[in-house]
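> Provided herewith is a single structure, encoded as structure tokens, for subsequent inquiry.
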Amino acid sequence: MTAVDDNHNSVELHTIRTTNVQENDIIKTNQYKISDDPNDKKLLRKLDLHLIPTMTLLYILSYLDRVNIGQAKIDGLMESLKLTSTQYNTCLSVFFITYIVFEIPSNLVLKKLRPTRWIPMIMIAWGIVMTLMGLVHSYGGLLACRLALGAAESGLFPGAVFYLSSWYKRRELSWRISILYSATTLAGAFGGVLAFGISQMRGIGGQEGWRWIFYIEGLMTVIVAAAAFFLINDFPSDRPKFLTEEECDRTITRLQNDAGPGAGEHFSWKQVRAAFLDWKIYIFCLCYIGILVPSNSLALVSPTIVQGLGFRSYRAQLMTTPPYVLAFINTMTTAYFSDRYTRRAIFIMFWLMIAIIGFIILIFAQNLNVKYFAMFLTIGSISPCVATCITFISCNISPHTKRATALAFMISVGNCGGIISGQIYRSQDGPRFILGHGINLGFCVLGLISVIILFTGLRFENHRRDRLYGVVSNSNMRTSVVTKESNKEVFDVYGYGSEEDRRKWGYEHMSEEDIRDLGDKHAAWRYIL
């Protein structure tokens with residue numbers, strides 16, 4: 001097949017191994033499996049060292065600052081501020097109103113303003129708000145602080161996920177996002193221990209223990225945020241200093257070859273619109289909200305639920321730790337096998353079924369030991385679902401701007417569930433909380449149905465494209481062109497194809513920019529299930 005490059009040189013289009021091609025070489029037009037460069041492991045270790053620990057630490061602080069109100073409650077928050085159960089639940093829920101509103105704008109600002117500036121700025125903002133929460137003396141003051149906290153925190157998690165998806169190939173992403181999300185399980189595991197330790201400061205300076213929880217954790221965030229200006233790196237195309245020029249080129253090439261027709265990084269309002277017109281986004285949102293309502297509600301009220309099982313307040317803080325340790329182990333194990341076998345949906349289905357069993361036990365069981373065991377089932381199974389769902393959408397939406405928009409939108413819609421999750425465990429329903437467990441059970445069923453729809457729909461679409469355009473491997477195939485004059489191999493990473501390919505795909509009258517904007521709608525794209 002022949003085509004013409006930008007300099008009007010005659011070029012031949014082949015699917016070949018990544019080798020130096022000489023003009024007189026005989027090139028077979030078969031498809032070859034392309035192995036990873038041996039140096040990729042060294043490069044990945046370097047990326048992991050410079051990207052993952054920082055993002056994970058930031059998200060640990062974000063999550064602690066979001067849910068520590070649950071620990072403050074059992075240390076006397078409601079009594080000090082004379083809150084009713086309804087007022088306390090409202091304070092839990094309003095956080096998600098501003099969180100939802102600002103998520104998509106924050107992701108778009110992140111792409112424009114760069115991570116090294118935007119992320120530390122919002123961290124400082126929420127750290128200050130967190131510290132000021134220790135000074136409130138009324139319901140109105142606490143409500144205002146929770147609203148401000150939601151606005152400031154809204155940019156971190158969707159921004160961190162988008163940021164990591166801009167550095168790693170699709171089959172490498174689950175492990176890294178799970179490390180990031182496992183920060184929530186670590187925060188859940190050690191947040192109770194930390195809150196218990198800080199609350200022992202009660203009486204110092206005439207302050208209650210719950211106030212010291214807000215003071216100390218808020219100041220920790222501000223200090224780390226100041227350091228984050230120097231710890232965070234920008235995108236690969238910004239050529240960060242911790243990589244050599246060769247490593248930068250290799251990182252960009254790996255991403256382009258992996259993304260194929262979805263490799264375009266240019267900002268496009270057309271891609272933003274495309275995100276909202278894609279049916280997959282809305283099913284992903286249903287799946288995510290089905291997972292996130294149980295996740296958020298358990299994170300916010302697990303100390304209260306455990307206290308309802310007969311533990312005193314200080315023991316309730318400590319007894320929330322073991323289920324979250326299990327959640328951390330499950331999340332990382334799932335991420336390992338999910339990346340190894342490049343499968344997402346099947347793991348979500350499995351863990352949601354375990355969560356459903358756990359909530360059924362919580363509803364019907366009478367024995368306190370059995371109910372505590374069910375807490376392990378629910379908390380331990382919901383956590384890997386969240387991380388895997390985020391990876392699932394990240395791997396199946398392209399190009400760049402469309403993925404940023406879709407991620408922020410899904411997380412925003414999922415966090416609408418945060419408004420619900422703050423209301424479903426009412427004090428008057430304790431200690432059994434049958435209503436709350438029943439609502440969470442229903443959301444798990446919704447998540448299970450949604451992921452089955454996604455799995456079926458994406459599998460059908462892959463088969464349809466295979467039937468119409470031929471079988472293509474997601475990660476093992478790529479196309480290159482070899483110019484006869486320059487004798488250089490150039491990868492067709494954007495999926496332009498030859499004239500013959502464009503006729504086969506029906507793209508002969510489309511501009512190159514329009515073809516780049518197709519992303520996951522491109523005929524050569526295959527979804528990861």
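Using the three backbone atoms N, Cα and C, a Cβ is placed for every residue, glycine included.
What you are looking at is a predicted structure, and each value in this text was computed from that prediction instead of being measured.
What TrEMBL records for this protein is below:
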| type | residues | note |
| --- | --- | --- |
| DOMAIN | 51-465 | domain 'Major facilitator superfamily (MFS) profile' |
| TRANSMEM | 87-110 | transmembrane segment |
| TRANSMEM | 122-141 | transmembrane segment |
| TRANSMEM | 147-167 | transmembrane segment |
| TRANSMEM | 179-200 | transmembrane segment |
| TRANSMEM | 212-232 | transmembrane segment |
| TRANSMEM | 281-301 | transmembrane segment |
| TRANSMEM | 321-338 | transmembrane segment |
| TRANSMEM | 345-366 | transmembrane segment |
| TRANSMEM | 372-393 | transmembrane segment |
| TRANSMEM | 405-425 | transmembrane segment |
| TRANSMEM | 437-458 | transmembrane segment |
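Could you tell me the structural context for the features on the list?
Residues belonging to the domain 'Major facilitator superfamily (MFS) profile' (51-465) score a mean pLDDT of 86 in the model.
Below 8 angstroms of C-beta separation, residues 66, 69, 73, 77-78, 118-119, 122, 139, 142-143, 146-151, 153-155, 158-159, 162-163, 272, 300, 404-405, 407-409, 411-413, 415-423, 425-426 of the same chain, each at least six residues beyond the ends of the transmembrane segment (87-110), sit close to that stretch.
Within the chain carrying the transmembrane segment (122-141), a Cβ under 8 angstroms from the stretch's Cβ atoms is held by residues 58, 61-62, 65, 81-83, 87, 91, 106, 148-149, 152-156, 207, 211-215, 217-222, 224-226, 228, all 6 or more beyond its ends.
For the transmembrane segment (179-200), the residues of the chain that approach it from at least six positions outside its boundaries are 52, 55-57, 59-60, 63-64, 67-68, 71-72, 75, 160-161, 164, 209-210, 212-213, 216-217, 299, 302-303, 314, 317-325, 327-328, 331-332, 335, 379, 383, 386-387, 390, judged by C-beta separation under 8 angstroms.
Outside the transmembrane segment (281-301), and at least 6 residues removed from its termini, the chain residues within Cβ reach (under 8 Å) are 63, 67, 69-70, 92, 184, 188, 275, 348, 352, 355, 359, 378-379, 382-383, 385-386, 389-390, 392-393, 397, 406, 409-411, 413-418, 420-422, 424-425, 436, 439-440, 443-448, 450-451, 453-454, 457.
Remote same-chain residues near the transmembrane segment (345-366) are listed as 287, 290-291, 294, 330, 334, 337-338, 373-378, 380-382, 384-385, 388-389, 392, 433-434, 437-438, 440-441, 444-445, 447-448, 451-452, 454-455, 529 (criterion: CB distance under 8 Å, separation of at least six residues from the stretch ends).
Long-range Cβ contacts of the transmembrane segment (437-458) within its own chain (Cβ-Cβ under 8 Å, at least 6 residues beyond either end) map to 279-280, 283-284, 286-291, 293-294, 297-298, 345-346, 348-349, 352-353, 355-356, 359-360, 362-363, 378, 385, 389, 392, 396, 417, 420, 424, 527, 529.
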